[in-house]
Every structure is written in structure tokens, then in C-alpha cells.
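Quick look at what Swiss-Prot annotates:
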type	residues	note
ACT_SITE	Y140	active site, proton acceptor
ACT_SITE	K178	active site, proton acceptor
BINDING	10-11, 31-32, K38, K53, 75-79, N92, K144, V170, K178	NADP(+) binding site
BINDING	N169, S180, H187, F201, A202, G203, S204, R209, Y272	substrate binding site
Amino acid sequence: MIIVTGGFGMIGSNIINALNDIGRKDILVVDNLKNGEKFINLVDLNIADYCDKDDFIASIIAGDDFGEIDAIFHQGACSSTTEWNGKYLMQNNYEYSKELLHFCVDRQIPFLYASSAATYGGRADNFIEERKFEGPLNAYGYSKFLFDEYVRRLLPEANSAICGFKYFNVYGPREQHKGSMASVAFHLNNQMLKGENPKLFAGSEHFLRDFVYVEDVAKVNIWAWKNNISGIYNLGTGKAESFQTVAQAVIDFHGKGHIETIPFPDHLKSRYQTFTQADLTKLRAAGYQDNFKTVAEGTKAYMSWLNRSLTTE
């Protein structure tokens, strides 16, 4: 059996899709379905069972036997960078993760988990997986940073794989439940469907992000599990691209429209990252050599998926 926490979420459901593609359906999905809209992410996928997150944690703490487990992909967390309830974040992103980590280490189960590029804070270069380059700017980033530090202390003594991925700007299928936290490509597509032009903040041609397609993220997770990889790694494309490039890819797909600019909000000016770019040196050294989709390639694929009902009519 394979366990995927946060399995109804964007990255979790794409990992399940990738597992299905290699013939694995013996999957226990763990999640909090308080947001019932997330159910749609697994409708076309195959799983064996579902367990509520709170019940799962209680079972983990109690030391319950889940049978033979081949791996745990821990994607369940509060992923909102605007959440400032520190107690809630630490319970969900830190304490929960520690319980799962020790459960896996004690039983020598491969443990693959979601970290975040938010651990780097507002830096503009040297996105390197080392403590000296990290300095989160929000409570979410701190919760992820603290767990990375915990893992670093445990790694030398572990006899099974522990692998964390600092996700950069992930976009792609199965994110519609995320609301305001969904990718810019998702929001721009919605604007186009309303008959509007895609809108970007003034200066967006200078705002560069490492946008990584979610299917590539899932692919790296499966590779790491299959190859027994340990450590903490950046997971982006290694190339920053502009929001303008995203908008142009959306326009190209729809075959109409032009970019409109809107004023940059004052309240974001002091805490808005103008640049992110994963340093992939460590991931490449670990053996991952496949290419990542560019923004143009990934956005085109995503637009086809998002608008599939329109293109099949």
C-alpha cells in the first residue's frame, strides 16, 4: 500500500495520477475534506481507501498497524502564505509532519514530503538548499523551514529514505479548489472565459518566478521514491520566467486578447517576491536528468486540460 496525505489537493492528486500510470491503485488517501469541492480531483483516479486526517493522526500516534506500506507521500498541509494563525500552522505543518516522519523512520518506510521555496524568504538569488540561504518571511514559510531543519538533524541516523522537496511556483491541473491561492494561469484563463483581457500588475514583465508544471512535480516525486533518494531538494525548472510570459501563453491558446495592466497594490509592495529560481545543482547531482516544461509548454498543456470541455464540443 501507498499512503498519500493531502491526496485530494493539487499536488497530492497529481501524484496519485502518476501512481495510477505505473499501475498502483492500492492507495490510501488521507485528507481533510472540509472543502468538499476537492472531491472532483479524484473522480477520474483509482484509490483503495480514504481516511480523515484527524483519524489518521490518531491512528499514527496510537501505533496502529496499517499493513505493509511501500511509501508515504506527505503532501497534506496548510499551504496558504497568508495564514497567520501560528498555532494552527505549527500543528498542521510541523507537529503532524513530525509524527508521520517518526512513524516512517521507525518502520523504515520511505517518506517523501512537501517543503516550499517560501523557506527562502525574500532573497533574489542563491536559492540553494542550505540553512544559510533560508529566511522565511511568513508563518507558513517558517513552519516548512522548521520541519526541514528537523529533518536535517534526523537524516544522518535514518535507515530509510527521507526526501523533501522545496516546491517553487507549481501550476497545472486539479487546483480549481484553491480559490485565490490558485496559479496566475488559472485566474487569467477565467478572465478570458468571461470575455475579458488577462490582467497583470503594472511591472509584471519584471516579476520573474520559477513556474513548474505539476505533472513534472509528480514525476520527480515518483522518481525519488523509485530510486530511494534522501535529502532536501529544490523542485522547480531552474529557469525564472515572467508573469507576462504566462499571460501570453494563455492569449496564444485562446487566440485572442491582449494584456491589460492594473495598479500594483500598496499593501503588497514590501512583501512581494520579484524573483525566484530554483538552483537544481543538488537535484541533478542526485541523478534526475529529465527536462522540465517551459511556461509556454506547460501553460499550453494546462489550458488544454482546463478548457477540455470547450475543445471537445
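For all residues, glycine too, the Cβ spot is worked out from N, Cα and C.
All features noted in Swiss-Prot, drawn onto the structure.
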residue : record                       : Cβ contacts under 8 Å, 6 or more apart
K38     : NADP(+) binding site         : F8, G9, D31, H177
Q75     : NADP(+) binding site         : V4, T5, G6, G7, G9, I11, G12, I15, Y113, A114
A77     : NADP(+) binding site         : G6, N92, N93, Y96, S97, A114, S143, K144
K178    : active site, proton acceptor : M10, F186
H187    : substrate binding site       : none
A202    : substrate binding site       : T261, I262, P263, F264
S204    : substrate binding site       : S242, F243, Q244, A247, T261
Y272    : substrate binding site       : F207, F264
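Under 8 Å, Cβ to Cβ, and six or more positions away along its own chain, N169 (substrate binding site) finds A117, S183, R209, D210, F211, V212, G236, T276. The full span of the recorded substrate binding residues, N169, S180, H187, F201, A202, G203, S204, R209, Y272, taken as their largest Cα to Cα distance, is 21 Å. In the three-state DSSP scheme, Y272 (substrate binding site) is classed as coil. According to DSSP, D31 (NADP(+) binding site) is assigned to a strand segment. DSSP classifies N169 (substrate binding site) as strand under the three-state reduction. Cβ contacts within 10 Å of M10 (NADP(+) binding site), excluding its own Cβ and spanning all protein chains shown: 26.
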